[in-house]
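Here's the structure, in structure tokens; my notes come after.
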């Protein structure tokens, strides 16, 4: 493995790692602002914040490990730190869908999802651990030839990205399955044309499911990059897809804010329909205002995938009555 020296040192902010690290830092502060807007910190907000922090640390430390001349032990520590941060970034994104799905899946669907999700997570961590161990041994002992080392690491990385893509795809399948059931109900809600498109854009399932496309694309581009022996085109394409993944927490922040907005809009519609907050409580079958609010906040935190259409359907049924 070749490392830079002080004679060929590239200025930090002239590298793509500096840009990606800066993006991660900015997204962490954006996450803090989003938490301030919502007024509390939940597990859903922590996912994009922690992922962005992993992006910032991983890319920043990678520059130190790759470009600065330092003792082997320092390189090993830096490499382990960067690999752990990259793992948090890349394997952490699927936990957003995991939190949503565990909020409403039940029965056999829940068991199947949890089994597949955690089995793949174990595989991901095992492969990443193997990558870290090999990298550290090569840095400290340098007992492998460069060609053999590159072959082993490349294949392990392909095996690492593949289960991440599968995990994201499984989450997308379960989310879209829920979305399909709510979309079928949209026929009775009168969602056509522009209203249907607006519902699609408001849907948590659609936003989160797009993560699967990023995971699949990263697996493909990284494989092509390895097959092409780091050719300029394949390398730039892989960097582009990685950058899209680094920016994906923005989509999650949008989802969190949009969900709150959608919840407020639905609440206003229900208040106007039933004649105010007190009537809403009575129509909901509860005279306890604080308890009703607590339940709604719980649904908001978990982002129940079907709530928007179900509420619209409820309003239309009440209007028909």
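Just so you know, glycine gets a Cβ as well, placed from its N, Cα and C.
TrEMBL annotations: computationally assigned, not manually curated.
TrEMBL tags one of the stretches 187-207, 208-228 as transmembrane segment, and that stretch is 208-228.
In TrEMBL, the feature transmembrane segment is placed on 84-106, out of the ranges 84-106, 268-290.
Record note: among 113-138, 295-320, 113-138 is the stretch given as transmembrane segment by TrEMBL. Only residues 6 or more beyond the boundaries of the transmembrane segment (17-37), in the same chain, are considered here, and those with a CB under 8 A from a CB of the stretch are 45, 48-49, 52-60, 62-63, 66, 89, 242-243, 246-247, 249-250, 253, 256-257, 260.
Proximity of distant same-chain residues to the transmembrane segment (84-106), defined by a Cβ-Cβ separation under 8 Å and at least 6 residues beyond the stretch ends, is recorded for 24, 43-44, 47-48, 50-55, 57-58, 61, 113-114, 117, 121, 124-125, 128, 132, 161, 164, 167-168, 171-172, 174-175, 178, 204, 208-209, 211, 245-246, 248-249, 252, 302-306. Remote same-chain residues near the transmembrane segment (158-176) are listed as 90-91, 93-94, 97-98, 100-101, 105, 109, 113, 116-117, 120-121, 123-124, 127-128, 131, 204-205, 208-209, 211-212, 214-216, 218-219, 222-223, 226, 305 (criterion: CB distance under 8 Å, separation of at least six residues from the stretch ends).
Non-local neighbours of the transmembrane segment (208-228) in the same chain are 93-94, 96-97, 100, 154, 157-158, 161-162, 164-165, 167-169, 171-172, 175-176, 179, 234-235, 237-238, 240-242, 244-245, 248, 251-252, 255; each lies 6+ residues outside the stretch with a CB under 8 Å from one of its CB atoms. Within its own chain, the transmembrane segment (113-138) is flanked in space by residues 1, 76, 79-80, 83-84, 87, 91, 94, 98, 101-102, 105, 144, 149, 152-153, 156-157, 159-160, 163-164, 166-167, 170-171, 174, which lie at least six positions past its ends and keep a Cβ under 8 Å from the stretch.
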